[in-house]
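Contents: one structure, followed by commentary.
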Amino acid sequence: MEARLTAARSLLLEFSLGKYKNVVLNETIPTEAVLRNIASNVTIIIFQVHTHHKNVTISFDKEPSINSSETGIDKGLVSVLRPEQSVCTWYLRAVDANLVLSTAVSLSYGEKDPIPGGCNLEFNLEIDPNIYLEYNLAETHIKFAPANLGYMRGKNPPSCDSGTIQNTRWRLHYDIYYYFLPENDFSEAAFVSHMKKMSEVQSIKANAVKKMTLTSQDKTDLYFSSLPGQGVIYNVIVRDPLWNTSAAYIPIHTYACSISALVDNCFTIKRLSSKLFFTTLAVLGLFVCFFGHRFWKTDLFFMGFIFLAFFFFIAITRTSTLHYDVCLGLTAVVGVIGGLLLVAYWWRFGFVIFCMLIVGLVLGCLVASTVFFTPLGDYKVFQDDAVFWVTFSCITLIVPVVFVGCPRVLNILTCGIIGSYTVILATGCYFYTSLSYIGIDLLRRILNNDFRRAYTSVPFQANDLILLAVWAMLAMGGITVQLRRERHEAPFPPQPYRIWKRERERRVTNILDPSHHVPPLKERIHNKLSQIKDFFQKEQPAGERTPLLL
């Protein structure tokens, strides 16, 4: 048996290098993890343990201390081997839980391999290979301790502050990797199977996506956009370019939400208010996608609603501390008012101004957001607000400028693309899809001053491919239907003011027109009242009614 209860009140568990083992931990009795028969060419052992969402403590001693232990969901320790040492021991214990399923592994490195966290000056452990993660609804922040060069058993470690020459730790490079878990899958089994792909150097390179490379002069902390409900695993590979060797830190994962919380957890982050708002908007958007240009006033209401609601939500969120549901409700009311005002008064400003400022800007804003949603948006130059907003504005304005000579085509394109995208936004309220972050990341950039430093990487998996195809088919279908139906029609309905003015001129100039002889309003009212009075009078008896001639 691998596990047995010892006299010292601990569970003994034997490990082998590179072999993952599932371990059930409890709070009262620690589990003693033992690695035997370590080869003489191994200089350090990194032992790590991972759980789905419950904290565990890993330590060098049976009684954990602040300088010899770590507590969390993804934690590990570095054991520097002494000469002739062939056995290592660690202790594992659950925190605030009776039974916690974990997976653990021990990995070995030689004297030429860099040591992750070997130049730690910030955290409690002397050598700290862990990655520390914090998140909120907008950003996920990771940081780690710098590494040191490897060295032989029994020797003193290289100095961490002996200058920046090539024979010091300053020659090391750090490759940042991330790996997305399957969308909408919070299962423990999925987590365990994918976490195994992010612990060893070769497996990380084969499965994960390399985001960037840092030098030793760069800060070892990074920011990514949070994806609530989407699992992400981060890890760092430190490389020694002189010896062409590398080592991996302890991988860490997050869903950017709490799995164990009773409220506002990963299963309830989709608010009812968001579902009502975006589902209603999607119904109207689907109608506009196929019939917006024909039903002109509905199109105006839809575009006016989006335009005013967008800016009002930004204003009320930045200037008040109201609850999200209240902000969204007020946004809906103001959007409706804006749409109705646009329907009622658009003719007073002229269609060209409306088309350029509303329809064109709405479509241009979505196009610009889509451009920055691609990997282009992660270029470091766009972390500067001035560069970002100038580029964003130019892309937004290009759209109305390109279609300035064909406003009908611009309006139909906007109806098809914007209307169909509201369907994608509504879908994102019920299950995760990366496409909803085309609009969400723009709001984050406006509402969070620090979001400019975040890298906006998102997964693109089966659900996203399906929804992208749905978006494309709806947009192309709506545009095609409207272009074919409207090709023989007038570009736009005439303005009400022009219709009234033309009718007035016609009545004045054409005396044969019956409407030219319409009595004044006062006379027409008098005639109507006379007819009503005659209706209630009694009918006179039949007979001679002419007076006698004298």
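Yeah, the Cβs are placed from backbone N, Cα and C, and that goes for glycine too.
Marked as domain 'TM7S3/TM198-like' by TrEMBL: 279-483. Taken from TrEMBL, the feature transmembrane segment covers 276-293, 300-316, 322-344, 351-374, 386-406, 418-440, 460-481.
Just going by CB pairs under 8 A, the stretch in 300-316, 322-344, 386-406, 418-440, 460-481 that sits most against the transmembrane segment (276-293) is 418-440. Counting same-chain residues at least six beyond the ends of the transmembrane segment (300-316), those with a Cβ under 8 angstroms from any Cβ of the stretch are 281, 284-285, 288, 292, 322, 327-328, 330-332, 334-343, 346, 354, 358-359, 361-362, 414, 418-419, 443, 446-447. Summed and averaged per residue, pLDDT over the domain 'TM7S3/TM198-like' (279-483) gives 89.
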